[in-house]
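Notes to accompany the following structure.
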Amino acid sequence: MAQDNSPNKTTPVNHRRSRTKFTQDQLKILIKAFDKNPYPGYATKQKLALEANTEESRIQIWFQNRRARHQKKSEPDEDLESSQDQDHLEEEIQSREDRRSRTNYTSLQLHALIEAFSNNPYPGFDSREQLAKEIGVPESRVQIWFQNRRSRFHAQRKSEPDDGDLEQRQDQEQDL
DNA sequence: CCTAATCTGATCATAACCATTATGATCAGCTCATTAGG
(Lines of atoms letter the chains of each structure in order from A; the text may use other names.)
(Lines give C-alpha, C1' and ligand atoms only; values in the text may rest on other atoms or scores of the structure.)
Protein backbone atom coordinates (compact mmCIF):
# COMPACT_ATOMS: atom_id res chain seq x y z
CA MET A 1 0.00 0.00 0.00
CA ALA A 2 1.17 3.47 -0.71
CA GLN A 3 0.33 4.81 2.66
CA ASP A 4 3.12 7.03 3.75
CA ASN A 5 2.81 8.32 7.20
CA SER A 6 5.86 10.29 8.05
CA PRO A 7 5.74 10.37 11.80
CA ASN A 8 9.00 12.20 12.22
CA LYS A 9 8.02 15.65 11.19
CA THR A 10 8.15 17.80 14.27
CA THR A 11 5.02 16.03 15.37
CA PRO A 12 2.28 17.97 13.60
CA VAL A 13 -0.05 17.23 16.41
CA ASN A 14 -3.32 18.68 15.33
CA HIS A 15 -3.05 19.07 11.65
CA ARG A 16 -5.21 18.17 8.81
CA ARG A 17 -4.66 15.08 6.84
CA SER A 18 -1.75 15.34 4.45
CA ARG A 19 -2.56 16.06 0.87
CA THR A 20 -3.25 13.08 -1.28
CA LYS A 21 -1.35 13.09 -4.52
CA PHE A 22 -3.19 11.30 -7.25
CA THR A 23 -1.30 9.85 -10.14
CA GLN A 24 -2.33 10.34 -13.73
CA ASP A 25 -3.62 6.82 -13.84
CA GLN A 26 -5.74 7.38 -10.79
CA LEU A 27 -7.11 10.62 -12.18
CA LYS A 28 -7.95 8.92 -15.41
CA ILE A 29 -10.03 6.39 -13.55
CA LEU A 30 -11.74 9.02 -11.46
CA ILE A 31 -12.51 11.38 -14.29
CA LYS A 32 -13.91 8.60 -16.39
CA ALA A 33 -16.17 7.55 -13.56
CA PHE A 34 -17.15 11.15 -12.94
CA ASP A 35 -18.23 11.62 -16.51
CA LYS A 36 -20.30 8.53 -16.25
CA ASN A 37 -21.91 9.50 -12.99
CA PRO A 38 -20.95 12.45 -10.80
CA TYR A 39 -22.93 10.99 -7.91
CA PRO A 40 -21.62 7.52 -7.33
CA GLY A 41 -23.00 5.40 -4.55
CA TYR A 42 -21.00 3.72 -1.90
CA ALA A 43 -20.47 0.52 -3.84
CA THR A 44 -19.18 2.43 -6.82
CA LYS A 45 -16.87 4.49 -4.70
CA GLN A 46 -15.51 1.40 -3.06
CA LYS A 47 -14.88 -0.16 -6.42
CA LEU A 48 -13.07 2.95 -7.53
CA ALA A 49 -11.03 2.99 -4.36
CA LEU A 50 -9.96 -0.55 -5.04
CA GLU A 51 -9.25 0.12 -8.66
CA ALA A 52 -7.27 3.27 -7.96
CA ASN A 53 -5.66 1.88 -4.85
CA THR A 54 -6.79 4.62 -2.53
CA GLU A 55 -9.35 5.10 0.19
CA GLU A 56 -13.05 5.44 -0.35
CA SER A 57 -13.12 8.62 1.72
CA ARG A 58 -10.60 10.21 -0.64
CA ILE A 59 -12.83 9.28 -3.55
CA GLN A 60 -15.71 10.96 -1.82
CA ILE A 61 -13.78 14.18 -1.30
CA TRP A 62 -12.53 14.12 -4.82
CA PHE A 63 -16.03 13.87 -6.23
CA GLN A 64 -17.23 16.68 -4.02
CA ASN A 65 -14.46 18.96 -5.15
CA ARG A 66 -14.88 17.94 -8.73
CA ARG A 67 -18.61 18.64 -8.70
CA ALA A 68 -18.06 22.02 -7.10
CA ARG A 69 -15.45 23.05 -9.64
CA HIS A 70 -16.17 21.24 -12.84
CA GLN A 71 -19.88 21.24 -12.64
CA LYS A 72 -21.54 22.86 -15.59
CA LYS A 73 -18.71 23.83 -17.78
CA SER A 74 -20.35 23.36 -21.13
CA GLU A 75 -23.38 25.21 -22.26
CA PRO A 76 -26.63 23.40 -21.71
CA ASP A 77 -27.52 22.88 -25.30
CA GLU A 78 -26.78 19.27 -26.09
CA ASP A 79 -27.92 18.09 -22.77
CA LEU A 80 -31.31 16.88 -23.70
CA GLU A 81 -31.99 13.24 -23.93
CA SER A 82 -34.55 12.83 -26.60
CA SER A 83 -36.54 9.80 -25.70
CA GLN A 84 -37.49 8.54 -22.29
CA ASP A 85 -38.87 11.87 -21.31
CA GLN A 86 -42.53 11.29 -21.03
CA ASP A 87 -43.32 12.45 -17.61
CA HIS A 88 -40.87 13.68 -15.05
CA LEU A 89 -42.79 15.94 -12.76
CA GLU A 90 -44.37 13.68 -10.25
CA GLU A 91 -42.51 10.45 -10.47
CA GLU A 92 -38.93 11.50 -10.09
CA ILE A 93 -36.34 8.96 -10.83
CA GLN A 94 -34.21 8.30 -7.82
CA SER A 95 -31.07 8.02 -9.81
CA ARG A 96 -28.98 7.98 -6.68
CA GLU A 97 -27.20 4.79 -5.97
CA ASP A 98 -27.16 3.25 -2.56
CA ARG A 99 -25.36 5.14 0.11
CA ARG A 100 -23.18 3.70 2.78
CA SER A 101 -25.12 1.85 5.39
CA ARG A 102 -25.68 3.59 8.65
CA THR A 103 -23.10 3.19 11.33
CA ASN A 104 -24.48 2.04 14.63
CA TYR A 105 -22.43 3.30 17.50
CA THR A 106 -22.46 1.53 20.81
CA SER A 107 -22.98 3.55 23.94
CA LEU A 108 -19.36 2.97 24.75
CA GLN A 109 -18.23 4.37 21.44
CA LEU A 110 -20.58 7.30 21.76
CA HIS A 111 -19.28 8.02 25.19
CA ALA A 112 -15.73 8.20 23.91
CA LEU A 113 -16.78 10.41 21.03
CA ILE A 114 -18.69 12.80 23.20
CA GLU A 115 -15.89 13.06 25.67
CA ALA A 116 -13.39 13.76 22.93
CA PHE A 117 -15.75 16.35 21.53
CA SER A 118 -15.96 18.18 24.80
CA ASN A 119 -12.20 18.29 24.94
CA ASN A 120 -11.81 19.45 21.38
CA PRO A 121 -14.56 19.79 18.80
CA TYR A 122 -11.98 20.19 16.04
CA PRO A 123 -9.62 17.27 16.27
CA GLY A 124 -6.86 17.05 13.71
CA PHE A 125 -6.14 14.03 11.64
CA ASP A 126 -3.88 12.38 14.19
CA SER A 127 -6.40 12.82 16.97
CA ARG A 128 -9.19 11.50 14.81
CA GLU A 129 -7.25 8.47 13.84
CA GLN A 130 -6.21 7.68 17.35
CA LEU A 131 -9.76 7.96 18.54
CA ALA A 132 -10.94 5.85 15.65
CA LYS A 133 -8.47 3.19 16.56
CA GLU A 134 -9.55 3.26 20.16
CA ILE A 135 -13.22 2.77 19.47
CA GLY A 136 -12.78 0.60 16.44
CA VAL A 137 -14.40 2.61 13.66
CA PRO A 138 -12.89 4.07 10.50
CA GLU A 139 -11.42 7.51 10.78
CA SER A 140 -13.76 8.75 8.09
CA ARG A 141 -16.72 7.89 10.32
CA VAL A 142 -15.17 9.80 13.19
CA GLN A 143 -14.78 12.82 11.00
CA ILE A 144 -18.38 12.66 9.87
CA TRP A 145 -19.53 12.24 13.44
CA PHE A 146 -17.70 15.39 14.49
CA GLN A 147 -19.11 17.32 11.57
CA ASN A 148 -22.65 16.33 12.44
CA ARG A 149 -22.06 16.94 16.11
CA ARG A 150 -20.73 20.41 15.53
CA SER A 151 -23.61 21.22 13.26
CA ARG A 152 -26.08 20.29 15.92
CA PHE A 153 -24.06 21.95 18.62
CA HIS A 154 -23.94 25.25 16.79
CA ALA A 155 -27.65 25.11 16.24
CA GLN A 156 -28.32 25.23 19.92
CA ARG A 157 -26.94 28.70 19.93
CA LYS A 158 -30.15 30.20 18.67
CA SER A 159 -32.40 29.50 21.64
CA GLU A 160 -30.31 31.52 24.00
CA PRO A 161 -32.29 34.09 26.01
CA ASP A 162 -30.29 37.23 25.60
CA ASP A 163 -30.50 39.95 28.21
CA GLY A 164 -30.91 42.71 25.75
CA ASP A 165 -27.60 44.30 26.51
CA LEU A 166 -25.71 41.33 25.22
CA GLU A 167 -24.60 42.46 21.84
CA GLN A 168 -23.02 39.60 20.10
CA ARG A 169 -20.60 39.57 17.29
CA GLN A 170 -18.94 36.84 15.43
CA ASP A 171 -16.05 35.95 17.58
CA GLN A 172 -14.06 33.41 15.77
CA GLU A 173 -11.19 33.01 18.11
CA GLN A 174 -10.10 29.91 16.38
CA ASP A 175 -6.87 29.16 18.09
CA LEU A 176 -4.71 26.68 16.33
C1' DC B 1 -38.18 10.39 15.16
C1' DC B 2 -33.19 10.45 15.59
C1' DT B 3 -29.08 11.10 13.42
C1' DA B 4 -25.67 9.04 9.96
C1' DA B 5 -24.76 9.95 5.27
C1' DT B 6 -24.61 13.17 1.69
C1' DC B 7 -24.68 17.52 -0.60
C1' DT B 8 -23.30 22.59 -1.89
C1' DG B 9 -20.43 26.46 -1.40
C1' DA B 10 -16.77 28.82 0.70
C1' DT B 11 -12.35 28.68 2.51
C1' DC B 12 -8.05 26.98 4.25
C1' DA B 13 -3.77 24.95 3.01
C1' DT B 14 -0.28 22.72 0.51
C1' DA B 15 2.48 20.95 -3.48
C1' DA B 16 3.94 22.50 -7.77
C1' DC B 17 6.38 26.67 -8.76
C1' DC B 18 9.22 31.08 -7.19
C1' DA B 19 3.87 34.82 -6.88
C1' DT B 20 0.62 32.22 -8.65
C1' DT B 21 -2.19 28.32 -9.50
C1' DA B 22 -4.34 23.84 -8.94
C1' DT B 23 -6.48 21.07 -6.01
C1' DG B 24 -6.95 18.22 -1.67
C1' DA B 25 -8.93 18.97 3.08
C1' DT B 26 -12.03 21.13 6.16
C1' DC B 27 -15.66 23.91 7.50
C1' DA B 28 -20.71 25.51 8.13
C1' DG B 29 -25.23 24.65 7.04
C1' DC B 30 -29.33 29.45 10.97
C1' DT B 31 -34.02 30.61 13.79
C1' DC B 32 -30.65 24.56 12.08
C1' DA B 33 -28.28 22.31 4.55
C1' DT B 34 -31.05 17.74 2.66
C1' DT B 35 -31.80 12.82 2.36
C1' DA B 36 -32.76 8.62 4.20
C1' DG B 37 -32.01 4.15 7.29
C1' DG B 38 -33.31 1.74 11.46
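Glycine is treated like the rest: Cβ placed from N, Cα and C.
The model shown is predicted, which means the values in this text are computed figures rather than measured ones.
TrEMBL lists A:15-74 (among others) with the feature DNA-binding region.
Here TrEMBL flags A:98-157 (among others) as DNA-binding region. With DSSP states grouped into helix (H, G, I), strand (E, B) and coil, the DNA-binding region (A:98-157) comes out at 43 helix, 0 strand, 17 coil.
According to TrEMBL, the feature compositional bias 'Polar residues' maps to A:1-13.
Per TrEMBL, the feature compositional bias 'Basic and acidic residues' maps to A:85-101 (among others).
Residues or ranges marked as compositional bias 'Basic and acidic residues' by TrEMBL: A:157-176 (among others).
The domain 'Homeobox' annotation in TrEMBL covers A:13-73 (among others).
Residues or ranges marked as domain 'Homeobox' in TrEMBL: A:96-156 (among others).
Annotation source TrEMBL lists region 'Disordered' at A:1-24 (among others).
Positions annotated as region 'Disordered' by TrEMBL: A:66-103 (among others).
Taken from TrEMBL, the feature region 'Disordered' applies to A:152-176 (among others).
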>> What does the DSSP secondary structure composition of the DNA-binding region (A:15-74) look like, as residue counts for helix, strand and coil?
In response: 38 helix, 0 strand, 22 coil
